[in-house]
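Presented below is the structure to which this report refers.
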Amino acid sequence: MAGLVLSNDTEAKISGDCKRGGCITFPFMIATLLGISVTSYGWVLNLIVFLIEEYNIKSIAAAQISNIVNGCLSMLPVVTAILADSFFGNIPVISASAFISLLGIFLLTLISSFENLRPRPCETGSILCQSPSKLHLGVLYAALALVTAGTSGTRVALASAGANQYDKPRDKGSFFNWYFLTVNTGAIISATAIVYTQENASWRLGFGLCAAANLISFIVFISGKRFYKHDKPMGSPFTSLIRVLVAAILKIKVVTSSKEEDYHREVEKESKTCIGMPSKSFRFLNRAALKSEKDLNQEDGLCHNPWRLCSVEEVEDFKSVLRVLPLWLAILFVGTSIGVQASMTVLQALVTDRGLDSKFKVPAGSLQVIVLISSCVFLVLNNWTIYPIYQKITHKQLTPLQQVGIGQVFNILSMAISAIVEAKRLKTVENEHPMSVLWLLPPLVIVGIGDAFHYMANVAVFYGEFPESMRNTATSVTSVAFGISFYLSTALINLIQRTTAWLPDDINHGRVDNVYWVLVIGGVLNLGYFFVCSWYFTYRKIQDDNRQDPKDVTN
C-alpha cells in the first residue's frame with residue numbers, strides 16, 4: 001500500500017479517452033497488478049518456512065534473510081522509479097521488471113522441483129542436518145535477487161503508469177483506490193491459498209502457481225501495450241536538489257543580502273507561487289539563489305550556469321525536503337519493530353499448536369494476512385466513522401501528524417501484548433502443552449490498526465510537503481523508510497543474538513518476550529522524539545489544486 005492515497009469515492013467510474021489511455025487500459029493494468037501481487041506475496045510471505053524446511057537454515061538466520069529481502073522489496077522501487085522518470089518511462093520498466101520477476105519465480109520453482117538444487121532434508125529425529133552448499137546458496141540467492149528486483153520494479157511503476165492513463169484527478173483517485181484493493185486482494189489470496197498449497201501440497205506446486213500468475217500478468221500487460229499512453233522521461237527530480245547544494249557550497253564565502261532583487265526568481269512557471277525573499281530557515285542555502293556577476297550573462301542578464309545560480313523556488317523546495325527529514329527518521333524505529341515482530345511471529349507460530357481442528361492446520365506464513373485485513377478494515381472505519389465523529393465533537397480534523405502519533409501508540413501497544421503473549425507461551429512450553437496459535441492474533445490485529453493510522457498519514461505528509469516535481473518520489477519515501485527498517489531489524493536481531501541468550505535457534509529455550517520489551521522501550525523513546533519534531537513542525541502551504549479531499553482517509 002506504500003505511496004497510495006485512497007479516494008473517498010469507492011464507486012467512482014473511471015472515464016477517459018478509450019482510444020489511447022483511459023478506460024480501455026484499466027482491465028490490462030488491474031489484471032497485471034493482481035497477477036504480480038499474487039506472485040510477490042506468494043513467495044515472500046512463507047520465505048522463512050521455505051528456508052528452514054527446504055534449505056536446513058537455522059530459524060534466526062532464516063529470519064535475517066527474510067528481513068534483508070523485505071528491505072530490498074521496499075527500497076528498490078525508488079531506484080526503478082528514478083530509472084522510469086529519468087531514462088525509460090514506466091511502460092518499458094514494468095515490462096522488463098515483470099519478465100525479470102518471471103525468471104526469478106521460475107528458478108524458485110526449479111529449486112523446489114529438483115533435489116540436487118537444495119540440501120537433503122533432515123531425517124526424522126536427527127539433530128545433524130546437511131548444510132546448503134555454495135552451489136545451493138548461489139542458485140537460491142540468484143532466484144531471490146531476480147524475483148526481488150522484478151517485484152520492486154512493478155510496484156511504484158504500475159501505480160504511476162495506471163494513474164497517468166487518465167487526465168481527471170477524480171479518475172486518478174479512483175484508479176489508486178482500485179490499485180489499493182487489488183494489491184491487498186492479491187496479498188490475501190497468497191497468504192491463504194498459495195501458502196496453504198506450499199505447506200500442505202508441495203512447494204513446487206505453490207511456486208508453480210506463482211509462476212503461472214506472473215506469466216499471465218506479463219502476457220496481459222504486453223497485450224495492452226498498444227493502448228497505453230507512454231510517458232516521456234522528464235529527468236531526475238534530484239538534479240535540482242543537488243544543484244542547490246552545489247551552488248550554496250560554491251558561494252560559501254558570499255555575504256547574503258536582505259534585498260529581494262538580489263535573488264534569482266523563477267517567474268515563468270505558472271503553477272508555482274512567485275516567492276520573493278528566501279525563508280530564514282537553513283540560511284546557508286540562500287546563497288544558491290543570490291545573484292552575482294559571475295552567474296549572469298552580460299548580454300541578456302540570464303543565468304548561464306545553473307550549478308552556480310538556482311531560483312528561490314528551488315532553494316525553498318530543498319528546504320521543504322530538509323524540514324521533513326526528522327519526521328522521516330521517526331518512521332525508522334516503527335518499521336524496525338514491525339520487521340522484528342513479523343519475523344518472530346513466524347518463528348513463534350512454528351512452535352505453537354496451529355491445528356484449528358483435526359484436519360486443518362494454519363500455515364505459519366499466513367498469519368500476516370491478519371495485519372492486512374485489520375489495516376484494510378480500519379482504513380475504512382477511520383474514513384467513514386472515526387474521523388467524522390472526531391470532527392463533529394471537536395470541530396477540527398485530525399492532522400496527518402496526529403494520525404501518525406496515534407499509529408505509533410498502537411504499535412507500542414502491539415509490542416507490549418506480543419511480550420505478554422510470548423511470556424505465556426514459554427510457560428506452556430514448561431508444561432509441555434503447546435499454546436494455540438490464536439494467541440498470536442491480537443497483537444497482529446493491533447499492529448494492523450496502527451498501520452491504518454500511521455502509514456497513509458506519513459504518505460500524506462510527504463506528498464504535501466515535497467516539491468511538486470518530486471510528488472511521485474514523495475509517495476515512495478515511506479516505503480524507503482520501511483525498507484531501511486528491515487535492515488535495521490536484521491542488525492538489531494544480530495546484536496541481541498550476540499550480546500544475550502534471548503534468541504537461540506530454538507526459541508523455546510530463549511526469551512523472545514524480552515526482545516519485545518526492548519521494542520516497547522524503544523517505541524516510547526521514539527514517540528517522544530516524534531512529539532518534539534511535530535511540535536516544531538509547520539505545514540507547508542499548498543495551492544488549492546494540490547490539496548486533498550477533506551474526506552480522504554489520509555486527512
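Using N, Cα and C of the backbone, Cβ positions are placed for all residues, glycine too.
Note that this is a predicted model, so its numbers are computed, not measured.
Pulled from Swiss-Prot:
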{"type": "TRANSMEM", "residues": "32-52", "note": "transmembrane segment"}
{"type": "TRANSMEM", "residues": "68-88", "note": "transmembrane segment"}
{"type": "TRANSMEM", "residues": "91-111", "note": "transmembrane segment"}
{"type": "TRANSMEM", "residues": "127-147", "note": "transmembrane segment"}
{"type": "TRANSMEM", "residues": "175-195", "note": "transmembrane segment"}
{"type": "TRANSMEM", "residues": "205-225", "note": "transmembrane segment"}
{"type": "TRANSMEM", "residues": "324-344", "note": "transmembrane segment"}
{"type": "TRANSMEM", "residues": "369-389", "note": "transmembrane segment"}
{"type": "TRANSMEM", "residues": "401-421", "note": "transmembrane segment"}
{"type": "TRANSMEM", "residues": "437-457", "note": "transmembrane segment"}
{"type": "TRANSMEM", "residues": "476-496", "note": "transmembrane segment"}
{"type": "TRANSMEM", "residues": "517-537", "note": "transmembrane segment"}
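Counting Cβ pairs under 8 Å that are 6 or more residues apart, the transmembrane segment (401-421) and the transmembrane segment (476-496) reach fewer than 3 and are not in contact. Within the same chain, the transmembrane segment (476-496) packs against the transmembrane segment (324-344): three or more Cβ pairs sit under 8 Å, each pair at least 6 residues apart. Proximity of distant same-chain residues to the transmembrane segment (91-111), defined by a Cβ-Cβ separation under 8 Å and at least 6 residues beyond the stretch ends, is recorded for 32, 36, 39-40, 43, 54, 80, 83-84, 117-118, 139-140, 142-154, 157-158, 161, 204, 207-208, 210-211, 214-215, 217-218, 221-222, 225, 228, 230-231.
Looking at which of 127-147, 175-195, 517-537 has the most CB pairs under 8 Å to the transmembrane segment (32-52), the answer is the stretch 175-195.
Under 8 Å from some Cβ of the transmembrane segment (324-344) lie the Cβ atoms of residues 48, 63, 66-67, 70-71, 368, 401, 404, 407-408, 411, 414-415, 418, 443, 447, 454, 458, 461-462, 465-466, 477-478, 481-482, 484-486, 488-490, 492-493, 507, 512, 515-516, 519, 522-523, 526, 529-530, 533-534, 537, all in the same chain and six or more residues away from its ends.
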